[in-house]
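Novice: Take a look at what TrEMBL says about it:
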DISULFID  Cys141-Cys154  disulfide bond
DOMAIN    77-272  domain 'Polycystin'
DOMAIN    273-382  domain 'Polycystin cation channel PKD1/PKD2'
TRANSMEM  32-51  transmembrane segment
TRANSMEM  278-297  transmembrane segment
TRANSMEM  318-342  transmembrane segment
TRANSMEM  362-381  transmembrane segment
Amino acid sequence: MAEASRWHRGGAPKPKLHYRKEVEIRTTLQELSLYFIFLINLCILTFGMVNPHMYYLNKVMSSLFLDTSVPGDERTNFKSIRSITDFWKFMEGPLLEGLYWDAWYTNKTLYNLKNSSRIYYENILLGVPRVRQLKVRNNTCKVYSSFQSLMSECYDKYTSSNEDTSDFGLKQETEWKYSTPNSSSPWHWGFVGVYRNGGFIFTLSKSKSDTKNKFINLRLNSWITRGTRVIFIDFSLYNANVNLFCIIRLVAEFPATGGMITSWQFYSVKLLRYVSHYDYIIASCEITFCIFLIVFTTQEAQKIREFKSAYFKSVWNWLELLLLVLCFVAVSFNIYCNIQIFLLLEDLLKNTEKYSDFYFLAYWYIYYNNIIAITIFFAWIKNMFLAIINDTYSEVKADYSIGRRPDFELGEMIKKSYNNALEKLRLKKPQKDEDNKGKGDLAEQARREGFDENEIQSAEQMKKWKERLEKKYYSSEIQDDYQLVTQQEFRELFLYAVELEKELHYVSLKLNRVMRRISALQ
């Protein structure tokens, strides 16, 4: 009774008047600010891993090995070769000249032959290049009986089951003997097949003349046969001026239809991450990224523990989990690449006469960049969603500034923001138009069913009172809050109660008439 009398008199409010919903909105704003800092940090990490020198290094190397013409035929280069003869011309011409730079343009010797070649005088050839081919066995396909007298051999397209693993030719060096594939290296996806590692492999010499004699010997002894399906040429460079590795792969595929299809891959990547002062700034961003990852993971774990199965019913919660998974994968890739680079460089410095397989590092590094790109894409989607919420918060803040209590819940605010976004994109009609149309339809329907005009107006007036009073005084979440009631508002509440009593009396009379009619029918 004391509570009711104080409400009736409009007594003094309690000192501890606070709004839980305001706290929820402030929390959302804090999350938006924190997430925006995380997004800036992620952008710095993403764009800090690339620089314009990557493009120029790729351009210079592709021009050297792809566009240089073979001797005596300016129209033939690696891009345009279509026969085995042209392939050997490329190997003994542009490839050989492009790999070995041991003299200045004045023919003065610059480097000791025991050291690595300096391509364009600035790019160190790491280790030695490697050449390998994959073959298929004879009789891997079937010749039609009418043509068996004309063609007794048949070589199908490359598959791992069709691969030829038997030694051939001179059967002396590694190029004539099959080498088993390395399980850690990725397969290559070509134009006409997917090729695994291993095959018939040989490495080039540090000496240009020895390498040329090697090519001539292989050509004269038919190293390329009818069963050959692909040849890979792999080598890696390092430019200390810009701290970039360039991993190069030239591919010549020999389809079962005959001819040759060439392709290439040039990957300029920054494998040595921490050299300059700018690199240490990126390192600090990486540490910050890991801290954010731990904080976000803890928050999501608390939400799952609090809401249990209901947590997984929200699309945005699934987006949060997807971002966390992508971030953990990116961190794992980064740690793995750094460890492998450290081990590989140490092995390279011990033995410069060996091929250094940087290709698998570049392969995983490209996947790492792709994961980061996907992560930042979904991160910006979430940022746009939070920005829409923040736009609605600015309207709420204006209500607080003039002393009015906000008459909405956080879920309703998010729903309203979502509807506003759909209306701006013209994917949904404005809500006001739909509400007005719905009200008009109900009134028209009531008139068609024979209701009196005074009854319709009275019902609409009661509905307005009900909505206004519920908006101000009712909350499903806050049970201990109350508002001051003015005399005008109390009068409206009293009139609403009187009209409601009249309506109940009217309904009761109708029910009595209906019951009497039912009794009469029985």
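Even glycines carry a Cβ here, placed using N, Cα and C.
Just tell me what is around each of these and how deep it sits.
Specialist: Across the residues of the domain 'Polycystin cation channel PKD1/PKD2' (273-382), the predicted structure has a mean pLDDT of 85.
Sequence-distant contacts of the transmembrane segment (32-51), counting only residues of its own chain at least 6 positions beyond either end whose CB sits under 8 Å from a CB of the stretch, comprise 242, 270, 278, 281-282, 285-286, 288-289, 292, 296, 369, 372-373, 375-376, 379-380, 382-383, 386-387, 389-390.
Residues 271-273, 286, 289-290, 293, 296-297, 300, 312, 361, 364-365, 367-368, 371-372, 374-375, 378-379, 381-382 of the same chain lie 6+ residues outside the transmembrane segment (318-342) yet bring a C-beta within less than 8 angstroms of a C-beta in it.
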Novice: Determine which residues of the chain contact the transmembrane segment (362-381) at the Cβ level, with the cut-off under 8 Å and only residues 6 or more beyond its ends counted.
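Specialist: Contacts of the transmembrane segment (362-381) (Cβ under 8 Å, skipping residues fewer than 6 from its ends): 38-39, 42-43, 45-46, 49, 186, 245, 247, 267, 269, 271, 319, 322-323, 326-327, 329-330, 333-334, 336-337.
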Novice: Any idea which of the disulfide-bonded residues Cys141, Cys154 has the thinnest Cβ neighbourhood at 10 Å?
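Specialist: Among the disulfide-bonded residues Cys141, Cys154, the sparsest Cβ neighbourhood within 10 Å belongs to Cys141.
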